[in-house]
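What TrEMBL records for Gly91, Lys92, Ser93, Ile94, Asp95, Thr113, Ala114, Ala115, Ser116, Ser122 is NAD(+) binding site. Residues or ranges marked as substrate binding site in TrEMBL: Asp118, Asp165, His249. As annotated by TrEMBL, glycerol binding site applies to Asp118, Asp165, His245, His261. According to TrEMBL, the Zn(2+) binding site annotation covers Asp165, His245, His261.
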Amino acid sequence: MQLPRDVLVGSDMLGKVSDVCSDLQLGRNALIVTGQKTRDIAGIKVAEELEETGINVQIHVSGSASMEEVENVMEIAREMDTDFLLGVGSGKSIDVAKLAATRHNVPFLSIPTAASHDGIVSSRASITHNGETTSIQASAPMAVIADTEVIAKAPFRLLAAGCGDIISNCTAVLDWQLAHRLQNVAFSEYAAALASMTANILIESADSIKPDLESSVRIVVKALVSSGVAMSIAGSSRPASGSEHMFSHALNRIAPNPALHGEQCGIGTILMMYLHGGDWKEIRDALRIIGAPTTAHELGIEDKYILQALVESHKIRPERYTILGTGITPDAAEVVARTTGVIS
Ligand SMILES: NC(=O)C1=CN([C@@H]2O[C@H](COP(=O)(O)OP(=O)(O)OC[C@H]3O[C@@H](n4cnc5c(N)ncnc54)[C@H](O)[C@@H]3O)[C@@H](O)[C@H]2O)C=CC1
Ligand SMILES: O=C(CO)COP(=O)(O)O
Ligand SMILES: [Zn+2]
């Protein structure tokens, strides 16, 4: 089980990056993987902080979380003899840096600029290859530095998406229990309990999640850390990714303009909780209070793609048994989507 050594959450934490690197004795050559926007938001600041202490820094702007991109980053890391990598930005930059660092056998720091997903701490990387998104075992970050001031300035939509990614633990754990009972898949009580508790605390705190507040960011970041730790304990993404995530991965394949990962997972949780016969209204209401989308319209995705994704979700990870079993029929998909109000 791999867990981060340092987790820093608070205001002006970007200013602490050099202290963390020197405490951890990470070396003199650093490679930052960041996004187009997030380079200006935090990437350059992190580079300047490191350069002030004599560390050589190269910045690589990454687009997609693909295996090709991981290989590109590994190539740069080899050329510059990188001692450590930093993922500065959103989920995709962090996943690319995480897997490239793992494969290049050097430490990695996670510096999220948005609280939009629970990969900020996990020892998994979600990478797309030949149209398939797989969750790949990777090293956990040596340290996580979450600057709540930076994250509070990010569009609120990203924070609400992070809440959707956490709330999705509710159905992920139900799916995992089902797979354990029906197929005897390995199950960790501790990982499942931590993942469920994290989602339940967030549901209870839904009305405290507001735009522009560092206090809201702290609640969400702590929950993302907790959820990421659950994945590390499990040694798989099972406690935080079930049928609702398969639905989101299916939408990424099918919809011409997919929405954010956490937004799609939140709606997936409403749908899959209905199929589990659970309290789907509680999930919908929590997402509504937070301000996350609860309908296809709010997601910006046409109803027909929601229905197609529902029917095809079980094909995403056939080895991962969930409530979707061997698939649901188009008629059943229509019933679940209409009854829950996801389509009208
Ligand atoms: N490794 C793991 O365990 C996990 C991985 N993931 C993966 O993470 C990805 C989703 O991550 P997301 O961050 O939701 O999406 P994303 O990586 O596509 O980023 C969404 C957008 O947020 C913008 N952004 C980030 N910080 C910003 C800021 N401060 N101000 C303005 N814009 C900002 C970025 O520029 C980007 O356009 C997916 O690929 C998903 O599969 C999700 C959960 C867990
Ligand atoms: O997104 C995740 C947990 O929130 C895990 O990712 P996968 O769905 O790729 O396993
Ligand atoms: Zn997720």
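Glycine too: its Cβ is placed from the backbone N, Cα and C atoms.
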Restricting the comparison to the binding-site residues Ser93, Asp95, His261, which residue's C-alpha is spatially nearest the C-alpha of His249 (substrate binding site)?
His261
Considering each pair of residues in Asp118, Asp165, His245, His261, all listed as binding glycerol, report the largest CA to CA distance in Å, no decimals.
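Largest Cα to Cα distance for the glycerol-binding set is 12 Å.
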Per DSSP, to which secondary structure element type does His245 (glycerol binding site) belong, with helix, strand and coil as the options?
helix
Does anything in the same chain, at least 6 positions from Ser93 (NAD(+) binding site), have a Cβ under 8 Å from its Cβ, and if so what?
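Counting only residues 6 or more apart in sequence, the Cβ neighbours of Ser93 (NAD(+) binding site) under 8 Å are Val33, Thr34, Gly35, Thr38, Ser62, Gly87.
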When DSSP is mapped onto helix/strand/coil, what comes out for Asp118 (substrate binding site)?
helix
Under a threshold of 6 Å between Cβ and any atom of ligand 2, which of the binding-site residues Gly91, Ala114, Asp118, Asp165, His245 are retained?
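Near ligand 2, sequence order: Asp118, Asp165, His245.
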Per 10 Å Cβ neighbour count, which of the binding-site residues Asp95, Asp118 ranks highest?
Asp118
Looking at the binding-site residues listed here (Asp118, His245, His261), whose Cα lies nearest to that of Asp95 (NAD(+) binding site)?
Asp118
Starting from the Zn(2+) site formed by Asp165, His245, His261, give every other residue of that chain whose CB sits within 8 Å of the mean position of their CB atoms, in sequence order.
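The surrounding set, listed in chain order, is His117, Asp118, Gly164, Ser168, Ala240, Ser241, Glu244, Ser248, Gly262, Gln264, Cys265.
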With the Cβ atom as the reference point and anything under 6 Å counting, tell me which of the binding-site residues (Gly91, Ser93, Asp95, Ser116, Asp165) are near ligand 3.
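Within range of ligand 3: Asp165.
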